[in-house]
Amino acid sequence: MPYFPDVDRVRYEGPDSDSPLAFRHYDADKLVLGKPMREHLRMAACYWHTFVWPGADMFGVGTFKRPWQGSGDPMELAIGKAEAAFEFFSKLGIDYYSFHDTDVAPEGASLKEYRHNFAHMVDHLERHQQQSGIKLLWGTANCFSNPRFAAGAASNPDPEVFAYAATQVFSAMNATQRLKGSNYVLWGGREGYETLLNTDLKREREQLGRFMRMVVEHKHKIGFKGDLLIEPKPQEPTKHQYDYDSATVFGFLQQYGLENEIKVNIEANHATLAGHSFHHEIATAVSLGIFGSIDANRGDPQNGWDTDQFPNSVEEMTLATYEILKAGGFTNGGFNFDSKVRRQSLDDIDLFHGHVAAMDVLALALERAAAMLQNDKLQHFKDQRYAGWQQPFGQSVLAGEFSLASLAEHAFANELNPQAVSGRQELLEGVVNRFIYA
């Protein structure tokens, strides 16, 4: 029995369509810069917000009445949830999905039950993937929801909790490998602290470093060819999280010699919480050589928490996509919709409305970003702005041919008196707007 009987496969109808169940801009096989849209964007729907979240919040119980979320045998419900998920993915026309281990299988009362349940559901997911052609963008382990992880997983003061988390990550990595996932994500949901009064920062950082090295070792042992991705977030649920932002993650990776092994999965809403723009986080990761993938959503700038709304700003997503295209596009990553409908969006059809609109936003942003790249006025301006560093003097400074003292002598001898030059910010903002609102 279908879970979404009133929805046909969502199709491209063009900009003049007024149907909320049709794409106006996302034409999956349309070529952009010589590559189909679907291959540029590599869009994924997430399991947790779409099929697990019951519509609960801090002040109230769940508002949704999803048929796959009723009472009954947990394994039967998990099987039904998988059937609903792949019906949704197929009708939406999205190519990828993502999950946590405990999204797809009941956790059970012991590790033995966990292993049995998860293995059983991986069998089901594999069959659904083969039948539908839908692929796994990434898998991960939920090492934050169970009360045992209240003080963290890898950073926990109890080594047995560390071992329990390692077991889940071991299992989820193996499942991701079997399901031919493109990436494996490590989100440190509670890897942080509530108060420094009971926290040993150095010890917890060393534990995290040891854990990540074990993950890297296991990746190579099982022959996983995808990327390992840390997902930065500054706070929530903890007061302070150790993977605060892209720059912080890079510093951590360098400390433990992992900067060539692990990249970042950047979430728009997490950038907001860190006081950064989404554009900033992507540009920073690209500049550091650790850009991997994207969690596509948005936060509310007036709220200090993770609202995980669907992306709806073509302007924001154009700048993000421009930065990604300039870096060569996704390798293994993609745009994963870590987004959820609002608590008052009660109907199953709302799941389609949110995803369809967001997919159109990304498609339009891709076209605008491609146009910016083809006539790259921003890069032309940057080349001119930094041109002095390409001249012999600038090159010799960068090459280490001057000491601080000899550089000062050079300035005195040549009576240097450089003048400020306009940064042309307003001009460049106008240039961007002309591409976006063409």
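Placed from the backbone N, Cα and C atoms, the Cβ positions cover glycine too.
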- Task: Figure out which of Glu204, Glu206, Glu217, Glu231 sits with Glu267, Asp295, Asp338 in the Mg(2+) 1 site per Swiss-Prot.
- Result: Glu231
- Looking at the binding-site residues Glu267, Asp295, Asp306, Asp308, Asp338, which has the shortest Cα distance to His100 (active site)? Asp338
- Task: List only the single closest residue to Asp308 (Mg(2+) 2 binding site), chosen from the recorded positions Asp103, Glu231, Glu267, Asp295, Asp338 by CA-CA distance.
- Result: Asp338
- Query: Where His270 (Mg(2+) 2 binding site) and Glu231 (Mg(2+) 1 binding site) are concerned, what is their Cα separation in Å, rounded?
  - Reply: 9
- Message: Return the residues near Asp306 (Mg(2+) 2 binding site) by Cβ distance under 8 Å, restricted to its own chain and a separation of at least 6 in sequence.
- Response: Lys233, Glu236, Asn269, His270, Leu273, Gly299
- Neighbourhood of the Mg(2+) 1 site (Glu231, Glu267, Asp295, Asp338): other residues with Cβ within 8 Å of the Cβ centroid, in order? Trp187, Asn265, Ile266, Ala268, Asn269, His270, Ile294, Asn297, Asn336
- Which residues, in sequence order, are found in the same chain with Cβ within 8 Å of the centroid defined by the Cβ atoms of Glu267, His270, Asp306, Asp308 at the Mg(2+) 2 site, excluding those residues themselves? Lys233, Ala268, Asn269, Thr272, Leu273, Asp295, Asn297, Gly299, Thr307, Asp338
- Query: Among the recorded positions His100, His270, which residue has the largest number of other Cβ atoms within 10 Å of its own Cβ?
  - Reply: His270
